[in-house]
Amino acid sequence: MASPHLPISSADPYAVKSPGVYSLEAELADVARAQNRVRDPLAVTSALLYLDNITVSFDGFRALNALSLAIDEAEMRAIIGPNGAGKTTMMDVITGKTRPNEGVALFAGVNDLTRLDEAAIAQLGIGRKFQTPTVFDMHTVEDNLLLAIKESRAPFSNFYWQRTPFERERTDELLERIRMTDQRKRSASELSHGQKQWLEIGMLLAQEPRLLLVDEPAAGMTDQETADTAVLLREIAKTRAVVVVEHDMQFVRDLDVKVTVLHEGSVLAEGSLDQVSANERVIEVYLGR
Amino acid sequence: MTGVRIIDRTGAVFLVVLLAVAVLVPVLNLLVPPGSPFHVPDYMIPLLGKYLAFALLAVSVDLVWGYCGVLSLGHGAFFALGGYAMGMYLMRQIGTRGVYGNPVLPDFMVFLNYKELPWFWHGFDMFPFAMLMVLLVPGALAFVFGWFAFRSRVTGVYLSIITQAMTFALMLAFFRNDMGFGGNNGLTDFKDILGFPVQAASTRMALFLATVAALAGGYLLCRAVVTSKYGKVLVAVRDAESRTRFLGYRVENYKLVAWVLSAMLAGVAGALYVPQVGIINPSEFAPAQSIEMVIWVAVGGRGTLVGAALGAVIVNAGKTWFTGALPEAWLYALGALFVVVTLFLPKGVLGLWSSIWARRKAAAAPPVPRPEPAE
């Protein structure tokens with residue numbers, strides 16, 4: 001309450017800095033972190049995320065039907081598919097919200113995701129961004145990031161707490177990266193839709209995940225914001241795996257990565273966007289009815 | 001820069017008011033002559049003490065409802081269990097002064113042909129043990145209840161309904177004579193507390209001051225909790241539970257800690273209430289009592305702690321006045337108050353006060369130049 005509200009320009013707040021400019025130190029730190037990961041000798045697969053024959057039925061309806069998918073370390077993958085193709089259910093299975101009826105879901109070749117709860121899976125290093133931006137409205141931007149920073153998640157260790165230098169440093173670094181340094185003290189409820197999307201991505205980065213699941217990040221964004229988001233995700237994918245579920249074909253084109261098409265709970269096609277767009281069955285599914 | 005201070009402006013005002021009450025009430029009671037309009041009569045002391053015990057209870061409800069989003073309609077159970085633990089101690093202090101003069105068995109047990117003290121009454125002749133039970137019994141019930149409820153991810157209205165069922169079940173159990181808690185008469189006819197007569201003016205003053213201290217302590221404890229990082233997570237759970245889960249927090253453990261702490265505070269409030277009103281009976285478990293507690297918090301201002309305490313005092317003072325002046329009208333007045341607050345004061349009385357304060361401040365300050373429209 002110390003200062004009156006600053007006049008907020010109607011211009012795009014992200015346009016102030018050119019997209020693609022971010023802290024080099026932060027990037028190098030991320031790369032170092034990624035390179036330090038040693039593969040577990042017990043790993044049964046080299047894929048970071050390995051789904052095999054996953055089936056989920058709700059009252060006889062098969063939301064996922066023998067779905068198999070493998071995502072490599074630091075790979076970016078776009079997942080597209082018509083409504084009801086099972087995209088969200090797949091994310092629910094990976095993050096522990098839904099238990100599959102059958103199939104194998106392995107993370108880093110050793111962790112059986114079908115036996116862990118959401119909190120354990122998040123702590124393993126899988127971050128999830130929801131379709132509608134979900135941030136903590138009553139907290140400030142920096143507190144939203146603080147809660148996401150990789151620190152102890154146990155209740156009692158958070159009773160006696162002072163902001164540590166590590167938390168301070170990480171918060172500054174993340175604010176810089178999502179270009180919200182000047183918004184740090186604002187309440188998250190005052191942010192625009194696009195800013196909330198970015199804040200949520202910032203929270204995912206704060207978790208230092210090895211795999212990020214991103215559900216329709218471009219939904220409800222302006223064209224400029226959409227393009228900036230594609231740049232940001234491409235930067236992130238240099239050091240960690242990113243799975244993007246998206247409807248916006250222009251956005252998928254901007255990402256320029258391997259595409260997996262889901263249909264009725266299974267993989268219909270895989271390849272570059274041009275390849276899958278030329279696929280007869282994909283055209284049939286998207287346009288045929 | 002380390003986040004929110006434990007004692008903010010509202011909290012400082014609250015603590016100063018409590019201190020003033022702790023000083024003024026004894027002064028106005030003891031030093032001002034009975035003829036003076038400023039004299040606080042003796043009968044007011046336990047009445048004020050009761051309000052403040054309710055204020056502590058309201059703070060405990062606000063901790064779980066205002067900060068964690070758990071709407072408890074069963075906090076009366078924790079309050080009453082704390083009260084019964086204190087009541088059992090007070091019963092054991094009666095000794096041979098009871099109607100039947102039995103040195104060990106309370107009157108109701110003699111009346112009901114008990115041959116010996118039930119096992120769960122042992123130890124309650126010792127004050128420290130009884131005080132430990134004031135914390136442990138409500139805490140243990142809250143732990144078991146919360147363990148199952150939060151782990152099964154029962155939330156919202158369903159959770160409220162099972163808290164209501166919990167207190168209702170306990171009420172029915174405590175009404176039974178063979179439970180060993182005095183049936184529907186409950187525990188009463190207390191004589192001594194720590195060797196001092198419960199009815200004496202000086203004991204009542206000491207109990208009143210102990211209640212003020214407990215309210216201040218309970219408030220500060222809750223403030224420390226909600227301003228910590230743990231408290232930030234709690235608010236996050238309230239506002240976006242699944243987001244918190246996917247960040248890697250075990251939401252059920254966070255809720256459980258707040259829930260058990262809140263139940264213990266409610267138990268302390270019950271233990272302070274019983275010697276001041278002189279009775280504890282199963283009606284304290286009644287579902288309507290627990291619902292009334294939620295109204296106190298809503299009236300005062302949910303999620304502020306101070307507001308909860310304020311609401312408890314306002315509503316109970318109103319209740320005392322109404323039940324004397326217009327006894328039939330009280331329930332209508334309570335209902336109307338709840339409707340008015342819900343419709344017009346979503347942040348309660350405290351919210352109204354803060355917005356008036358902010359408006360006066362804005363009126364006093366020179367007008368802020370309007371920001372130039374961009375471009």
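Note that Cβ sites are derived from N, Cα and C of the backbone, with glycine treated the same way.
Positions annotated as transmembrane segment by TrEMBL: B:12-31 (among others). With a threshold of 8 Å between CB atoms, the same-chain residues lying at least 6 positions outside the transmembrane segment (B:12-31) that come near it are 38-42, 44-45, 48, 205, 208-209, 212-213, 215-216, 219-220, 306, 309.
Sequence annotations record features per position, and here TrEMBL assigns transmembrane segment to B:51-84 (among others).
Here TrEMBL flags B:129-150 (among others) as transmembrane segment.
With a threshold of 8 Å between CB atoms, the same-chain residues lying at least 6 positions outside the transmembrane segment (B:156-175) that come near it are 70-77, 80-81, 84, 141, 145, 149, 181, 183-184, 186, 281-283, 285-287, 290. The transmembrane segment annotation in TrEMBL covers B:156-175 (among others).
According to TrEMBL, the transmembrane segment annotation covers B:206-226 (among others). Counting only same-chain residues 6+ beyond the ends of the transmembrane segment (B:206-226), those with a CB under 8 A from a CB of the stretch are 6-7, 11, 14-15, 18-19, 21-22, 25-26, 45-46, 48-49, 52-53, 55-56, 59-60, 62-63, 67, 193, 196, 234-235, 258, 261, 265, 268-269, 272, 275-276, 305-306, 309.
TrEMBL lists B:256-274 (among others) with the feature transmembrane segment. With a threshold of 8 Å between CB atoms, the same-chain residues lying at least 6 positions outside the transmembrane segment (B:256-274) that come near it are 49-50, 52-54, 56-57, 59-61, 63-64, 67-68, 70, 72, 75, 78-87, 90, 131, 134-135, 137-139, 141-143, 145-147, 150, 187, 207, 210-211, 214, 218, 221-222, 225, 230, 234, 280, 284.
The annotation transmembrane segment is assigned in TrEMBL to B:294-317 (among others).
Per TrEMBL, transmembrane segment is recorded for B:329-353 (among others).
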Worksheet entry | For the transmembrane segment (B:129-150), sequence-distant contacts whose Cβ falls under 8 Å of one of its Cβ atoms, 6 or more beyond its ends | 77-79, 81-82, 84-86, 88-89, 123, 159, 162-163, 166, 251-252, 255-256, 259-260, 262-264, 266-268, 270-271
